[in-house]
Amino acid sequence: MKTLYSLRRFYPVETLFNGTLALAGRDQETTGFAWWAGNARLINLSGKLLGAHVAHAGLIVFWAGAMNLFEVAHFVPEKPMYEQGLILLPHLATLGWGVGPGGEVIDTFPYFVSGVLHLISSAVLGFGGIYHALLGPETLEESFPFFGYVWKDRNKMTTILGIHLILLGIGAFLLVFKALYFGGVYDTWAPGGGDVRKITNLTLSPSVIFGYLLKSPFGGEGWIVSVDDLEDIIGGHVWLGSICILGGIWHILTKPFAWARRALVWSGEAYLSYSLGALAVFGFIACCFVWFNNTAYPSEFYGPTGPEASQAQAFTFLVRDQRLGANVGSAQGPTGLGKYLMRSPTGEVIFGGETMRFWDLRAPWLEPLRGPNGLDLSRLKKDIQPWQERRSAEYMTHAPLGSLNSVGGVATEINAVNYVSPRSWLATSHFVLGFFLFVGHLWHAGRARAAAAGFEKGIDRDFEPVLSMTPLN
């Protein structure tokens, strides 16, 4: 048996790869978890768990800083950001750093500063993580009772929840302060094709802000993803930041009510499952936001949305054929519907052809040409500006349809370029990661509930059918 390539062939299912391996003095016998179960070995060691989390934060911030500097080093100011595979610089540009009218990058120094600040921060976090993982106290309860905790201590858990909520609220207000006082943010709707501006007239009306939550998620409604002006976005952050901070204070000052103590499972794994569930929801919402919303994610930096690229194509050929003498108001297409313009089911004038399904797109280059009943024929004949033509021609050939082999744009479009839109990447990655987090939520929720009910040991291997079957060899 010792001559076999792998001894694992003869081991029952739940045995370790190597039961004798002890990392940092923590083996399976003392912790109940094997080395590969990672932080599960630290469930009751608050000091070591702190080290793991701080080190993890250091890795995250290190990636942000290093990737930021990598993008700065490769950045070509003459090309749009979305043609260069950038995912971090568009976020910095959206916050108003380094850009001017039309989303043109006029200064890359703020991007360099951002990368360096993140790298320096990651070094501090990395040092703290290593210190607490290797040198600091194993548990914090004795030396630093404020930072210590027991998972079953419901009052302490809600206090920690409160502190987290306050930090999230402060984060929301950082965006508010940037938009109000520190140079403003990039507004894709600014006249003439977008610019950085300070937001002065916040939307604080609760009926407007919470009205988004009551909208249908379908069609022209679009739930919160339909937000299309910065006053609402920044005003929403004022509301959200205030709710988080007030909720945080509430959770610090109060103890959980009896119904909450009964309804929830109070264990480390349960809290992990709640957190994973919340992150999954964030991931799914972020996916929809980056895919459809061109206000929070301006097309100048992230490339056009799918509907936007499609409408841009219809607009581009309307402009071309109108110059060649076509009467765009009455020309019929092959199906008998309008070739360039038609009416939506509710009567608005919209672009004809295949792009009719995207008729509720709103984009800054197109809205000036609308009247009270949809697209205005007289404006289409007299008011089209060169910047609108240039932008739509550019967006037409940059549809966010790129596959992994980088054949970007519409596959049959002869003017398409080799590129994958950051919108495709950000939407897909957040959906996939959100899905994985959701599966993790179900897994850990099931384990936590089973443990609370007292049967977490899993299947009894003594009566497994395979044990009574003839060995394969």
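Positions of Cβ are set from backbone N, Cα and C atoms, glycine also.
Here Swiss-Prot flags T15 as phosphothreonine.
What Swiss-Prot records for T15 is N-acetylthreonine.
Swiss-Prot lists 69-93 (among others) with the feature transmembrane segment, giving sequence analysis as the kind of evidence.
What Swiss-Prot records for 134-155 (among others) is transmembrane segment.
Feature annotation from Swiss-Prot assigns transmembrane segment to 178-200 (among others). Within the chain carrying the transmembrane segment (178-200), a Cβ under 8 angstroms from the stretch's Cβ atoms is held by residues 93-97, 99-103, 228-231, 234, 294-295, 298-301, 364-365, 367, 387, 391, all 6 or more beyond its ends.
Marked as transmembrane segment by Swiss-Prot: 255-275 (among others). Remote same-chain residues near the transmembrane segment (255-275) are listed as 43, 151-152, 154-155, 157-158, 440-445, 447-449, 451-452 (criterion: CB distance under 8 Å, separation of at least six residues from the stretch ends).
Taken from Swiss-Prot, the feature transmembrane segment applies to 291-312 (among others), supported by sequence analysis. Same-chain neighbours of the transmembrane segment (291-312): 80-83, 89-90, 93-94, 102-103, 186, 188-189, 194, 222, 225-230, 233, 351, 354-355, 358, 361, 363-366, 391-396, 398-401, 409-410, 421-423, 426-427, counting only residues six or more beyond its ends whose CB sits under 8 Å from a CB of the stretch.
In this structure, E367 ([CaMn4O5] cluster binding site) is part of a helix by DSSP. Counting every protein chain shown, the number of other Cβ atoms lying within 10 Å of the Cβ of E367 ([CaMn4O5] cluster binding site) is 11. The [CaMn4O5] cluster binding site feature in Swiss-Prot is assigned to E367.
Per Swiss-Prot, the feature transmembrane segment maps to 447-471 (among others).
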* **Beyond the flanks of the transmembrane segment (134-155) by at least 6 residues, Cβ under 8 Å** => 24, 43-48, 50-51, 255-256, 261, 266-268, 271
